[in-house]
Amino acid sequence: MIDEGRDSGRYLQVEVQPKSHGEAEAIFPQQGISKCFDDDGRLRRTGTVWTATAHIITAVIGSGVLSLAWAIGQLGWVVGPTVMLLFALVIYYTSNLLSQCYRTGDPVAGRRNYTYMDAVKSNLGGVKVKICGWIQYLNLLGVAIGYTIASSISMVAIKRSNCFHKHGEKDPCHASSNAYMIMFGITEILFSQIPDFDQVWWLSIVAAVMSFTYSAIGLSLGITQVIGTRNGRLKGSLMGISIGAMTKAGRVTMMQKMWRSLQALGDIAFAYSYSIILIEIQDTLKSPPAEYKTMKKSTVLSISVTTTFYLLCGCMGYAAFGDDAPGNLLTGFGFYNPYWLLDIANVAIVVHLVGAYQPFRARARAHYDSQKGLSQVYCQPLFAFVEKWTAHRFPKSDFVTKEYEVGSYHLNLFRLVWRTGFVVVTTVVSMLMPFFNDVVGILGAFGFWPLTVYFPIEMYISQKKIARWSPRWVGLQMLSLSCLIISIAAACGSFAGVVLDLKSYKPFKSTV
């Protein structure tokens, strides 16, 4: 890492670029001559099928699992699991296409791409790189809002759980989530001022452990609920929630049934999102064999594990509660006891999201160290993008570039204002629209087609030089078009859900 002078500000750190192939060949003229360095001059990678599989599973399983019971509840026993399997197959296929774009030109000996954006730039270039970048940044902004909502809901759930335990289940135990959103925002303002967040890589490991903790508790409670029902009867229906059924929001109309079914597609898509970090995970793998071959095996294993886990969580939740399946399995109070276990699960959610709110920015530029484990806190691209652009735009402004030493901390006024403002904006938006399922559906719809399907397919076509209108090109374009239609439908359903919720919601007066 280098500093561009004291006036440039230490927060403008630039990653040292790997040696070009010419330089690498000058140092290592024969392939494999060095036991310590790879062909790009970097330290030899040591990742295997198992480390890559672990990285993918850890990155995928998260808060998206909490809405799967509700999603299957909208689609039913036939369509729900089928849709989940179809999403898994599409993501497996496009992930394999993307893994073959890790090296430009030749998948075995071509130039390496270290991030998703590097791959887009090498294979597509031009305006598509900027479009991809803006999609990523907007997606990260949305994830920040989603994390704020989810964490506040879990904190409210802890308070209500203890209230139910003390006063009984008939007490409504209403509570407002606004105060908890503000608490979460203040915490993130403090964390966001850490310029070198990669130094606290352990926070990602803690967050990963927490995600497995609450996911496992949710699955266990669902199974226990099914076993505890009379004759072990499974609730739910083949076609999902029926028209005319009564819910907390009122009676379900035909239009609501349609919108909720489309929104469920977005929730499922959000749960599977991981393509954006696949290249970074692949960059940890040793070779030979070729990295894309190892990644293919890891993709099969990881998607098989996560799909099985998702089906269990979603199906057990729906089997336990049927049409009453809550939007968030651990905060909708389908379960009341054991209350202490619910508290543990919700504390785990809050800890996970507090840690993930900072690393979430690294999903566009994450760093995985196969020797330390998972470390998503290498870079904060959304902050870095704005800060570097501003520094280049106003290089002589002390407000932008000058740093002040406060003990061992280097304070930059622009960083302080910009990052604080970002957290404040996401917190205010969360308070205006505290709708967990709707936000999750929007995020899933917004990120699924462009980042998981479109760019991987376009990069693969460019990499393999597939001729236009050839059978393979037509097939890939048909897949892309089909997924675009699904994303648009899911987005429409999610936005319709927001509109319906806003009709009965008063801003800044969120009470559950």
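Note that Cβ sites are derived from N, Cα and C of the backbone, with glycine treated the same way.
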Item to check | Per TrEMBL record, range annotated transmembrane segment [choices 262-281, 442-461] | outcome: 442-461
Checklist entry - With pairs closer than 6 in sequence left out, are the transmembrane segment (339-357) and the transmembrane segment (134-158) joined by 3 or more CB pairs under 8 Å? => result yes
Item to check | the transmembrane segment (75-94) in contact with the transmembrane segment (442-461), cutoff 8 A, at least 3 CB pairs, sep 6+ | outcome: yes
Checklist outcome for this item: DSSP puts the residues of the domain 'Amino acid transporter transmembrane' (376-499) at 95 helix, 8 strand, 21 coil
